[in-house]
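Asker: One structure is given below, represented as structure tokens, and several questions about it will come after.
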Amino acid sequence: MSKKYDAGVKEYRDTYWTPEYVPLDTDLLACFKCTGQEGVPREEVAAAVAAESSTGTWSTVWSELLTDLEFYKGRCYRIEDVPGDPEAFYAFIAYPLDLFEEGSITNVLTSLVGNVFGFKALRHLRLEDIRFPIAFIKTCGGPPNGIVVERDRLNKYGRPLLGCTIKPKLGLSGKNYGRVVYECLRGGLDLTKDDENINSQPFQRWRERFEFVAEAVKLAQRETGEVKGHYLNCTANTPEELYERAEFAKELDMPIIMHDYITGGFTANTGLANWCRKNGMLLHIHRAMHAVIDRHPKHGIHFRVLAKCLRLSGGDQLHTGTVVGKLEGDRQTTLGYIDNLRESFVPEDRSRGNFFDQDWGSMPGVFAVASGGIHVWHMPALLAIFGDDSCLQFGGGTHGHPWGSAAGAAANRVALEACVKARNAGREIEKESRDILMEAAKHSPELAIALETWKEIKFEFDTVDKLDVQG
């Protein structure tokens, strides 16, 4: 060895705290919210995160002399206060692109949120945002189809897609499940959906469900003259079973399948997205288990990161919460990660939780899916928040209609078209929501009953995970 090797332990900040560093366009940038143990300097905590998520370990090792750590190491180049939290701070870290396998979200997350989250010097650690360089994005497959192609496949333009989750989500036989699908689609919905936890249980094996659903979709298409679909959940306990289910959906000439991307894993999701791209299949993505990871405001991974990772891994639709329904998520935060699903360039905007400029290049966009505790009274707000490139899914807000699922579907369709018409006429649909819906209900008894049924239903709970912005 030509260089002198000094054995022992040295402080992380001696190597990984580099405030003079100017990030390169090819660097992957990450923002962590850090809360260190009492008495540990911020610079040491931040440098430890940079080290343990890149090339570092707890001790100096002789094999460092066999490579160029200055080239490969992560660098903490900036520290910022967290508004309203004197114990926490933001650490901005730059990683050279060569640390990551091309196109592998699995590898990126293994590095950034691997062992470092169990580090004793930290009380809490949260990955708030990632700036993926365009050089990495170009190695990812991304959405197998994207918004434009999906609209062309479904022949739906000028409005959000309208759907619902089949309820009860567990317990129905395959035949009865297919009957509910048919009622919803003939009533006016574009799409129906398996819930995240319907796979292949004793009361309803997956092949039986697929066959009855396909029959229902095709019958509804013939009767309405519209393209219909159902998200067939292909999530399975093995990759082989996953692809067997996808292949059978293709044999049945179904337009769209579904995957639970967090419980299923990014490796499985990327593989399924590649299969969908090759086989002309749309891919709906559910985010089951996300709140375990993203809801704590000080520890875990923010959903904006999980949403960005999904766009790169591959999916044509992704659940994002509703703002107005039963699930966590404030308006500005939700708009922030919806932007990162759909836009080609998203500027840094702390008011929406975006810590970096994000250039997506020519990667197709992803439909934002609003689902969870929504009903017809929410329709104007949903249209205003999510816009046209979204899918609005009313589960209980369809099946809970006193006249049944078909009437619930009809009510939602009338409400949506009334709101789109009002918006296109220049009306302020959120401010005039009651007038717009009541006018439409004069010509739709289904909508009138729905408005009466859910007039008192609200989910007015404060958001747990709030944006860290200066008040």
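Including glycine, each Cβ sits where the backbone N, Cα and C put it.
Take a look at what Swiss-Prot says about it:
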ACT_SITE  Lys167  active site, proton acceptor
ACT_SITE  His286  active site, proton acceptor
BINDING   Asn115, Thr165, Lys169, Arg287, His319, Ser371  substrate binding site
BINDING   Lys193, Asp195, Glu196  Mg(2+) binding site
MOD_RES   Lys193  N6-carboxylysine
SITE      Lys326  site 'Transition state stabilizer'
Asker: Starting from the Cβ of Lys167 (active site, proton acceptor), draw a 10 Å sphere and report how many other Cβ atoms land inside it.
Answerer: 17
Asker: With Asp195 (Mg(2+) binding site) as the reference Cα, tell me which of the recorded positions Thr165, Lys167, His286, Arg287, His319 is the closest one.
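Answerer: Comparing Cα positions, the candidate nearest Asp195 (Mg(2+) binding site) turns out to be Thr165.
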Asker: Near Glu196 (Mg(2+) binding site), meaning Cα within 10 Å, which of Lys167, Lys169, His286, Arg287, His319, Ser371 (recorded positions)?
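Answerer: Lys169, His286, Arg287, listed in sequence order.
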Asker: With DSSP assignments reduced to helix, strand and coil, which class does Lys193 (Mg(2+) binding site) get?
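Answerer: DSSP call for Lys193 (Mg(2+) binding site): strand.
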Asker: Taking Asn115, Thr165, Lys169, Arg287, His319, Ser371 as the record's substrate-binding set, what's the max Cα pairwise distance in Å, rounded to a whole number?
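Answerer: For the residues that bind substrate, the greatest Cα distance is 37 Å.
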Asker: Secondary structure at Lys169 (substrate binding site) (DSSP, helix/strand/coil)?
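Answerer: DSSP assigns Lys169 (substrate binding site) to coil.
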Asker: Taking the Cβ of Glu196 (Mg(2+) binding site) as the centre, how many other Cβ atoms fall within a 10 Å radius?
Answerer: 20
Asker: From the centroid of the CB atoms of Lys193, Asp195, Glu196, the recorded Mg(2+) site, which same-chain residues not already listed sit within 8 A by their CB, in sequence order?
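Answerer: For the Mg(2+) site, the extra neighbours are Thr165, Ile166, Lys169, Asp194, Asn197, Ile198, Tyr231, Asn233, Met258, His286.
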Asker: If you measure from the C-alpha of Lys193 (Mg(2+) binding site), which of the binding-site residues Asn115, Thr165, Arg287, His319, Ser371 fall inside 10 Å?
Answerer: Thr165
Asker: Out of Lys169, Lys193, His286, Arg287, His319, which of the recorded positions is least crowded by other Cβ atoms within 10 Å?
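Answerer: Per-residue Cβ counts within 10 Å for the recorded positions Lys169, Lys193, His286, Arg287, His319 bottom out at Lys169.
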Asker: To the nearest Å, how far is the Cα of Lys169 (substrate binding site) from the Cα of His286 (active site, proton acceptor)?
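Answerer: Per the Cα atoms, Lys169 (substrate binding site) and His286 (active site, proton acceptor) stand 14 Å apart.
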Asker: If you count, for each of the binding-site residues Asn115, Thr165, Ser371, the other Cβ atoms lying within 10 Å of its Cβ, which residue has the minimum?
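Answerer: Result for the binding-site residues Asn115, Thr165, Ser371: minimum number of other Cβ atoms within 10 Å at Asn115.
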